[in-house]
Amino acid sequence: MERSLARIALFAALIAALGFVPKIDMGFGVPITAQTLGVMLCGTVLGARSGALAVLLFMALALLGLPILAGGRNGFAALASPSVGFFLGFPVAAFVTGWLMTWSKQVSTVATFNAAVFGGIVTLYLFGIPGIAAKAGLSLTEAFWSAMVFVPGDVIKAAVAALVTTALARARPGLVAGAKEPASAQF
């Protein structure tokens, strides 16, 4: 129990630390940040439940006013901006990513990448695009096309999450939640 709580706190801190990576403003209120990588890692490493709890802890701290979102923003700034959907979708994305990890017999780079793409990108965009539309005054179609600017970077983040997760699974079997066994050198 204590180990699980420590890992949840550690990954909440990881997401906060990734907020210090400079954001790239896109001009419609939703910046490109490294924090989505942290959300993906919460799911791929901690699993569905603990990953979502780590993200919820991070969000609670942001909503308490701590400036831990990219660019020094807090949770209230995120709720008032076009990034509201992405912010609210963080715990769901971590949960879905972790849940998808349970379907793989081994922790392979390909399986982990797929979990990060479908859980950490597709799920997040299902929340993010309506948020852009609502707060930026765009149609859903316009918001969809605006969000496509994030896809290349998010695919790179999914690849990084996959590489980090499989390296952790190989180095410390049992560290990755739900991991049956690490794939030897499977890419």
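Just so it is clear, glycine is given a Cβ too, placed from its N, Cα and C backbone atoms.
Values in this document were obtained by computation on a predicted structure and should not be read as measured data.
Residues annotated as transmembrane segment in TrEMBL: 29-46, 53-70, 76-101, 113-132, 144-164.
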Among 53-70, 113-132, 144-164, stretch most in contact with the transmembrane segment (29-46) (C-beta, under 8 angstroms): 144-164
Dominant neighbour of the transmembrane segment (53-70) in 76-101, 113-132, 144-164, by Cβ pairs under 8 Å: 76-101
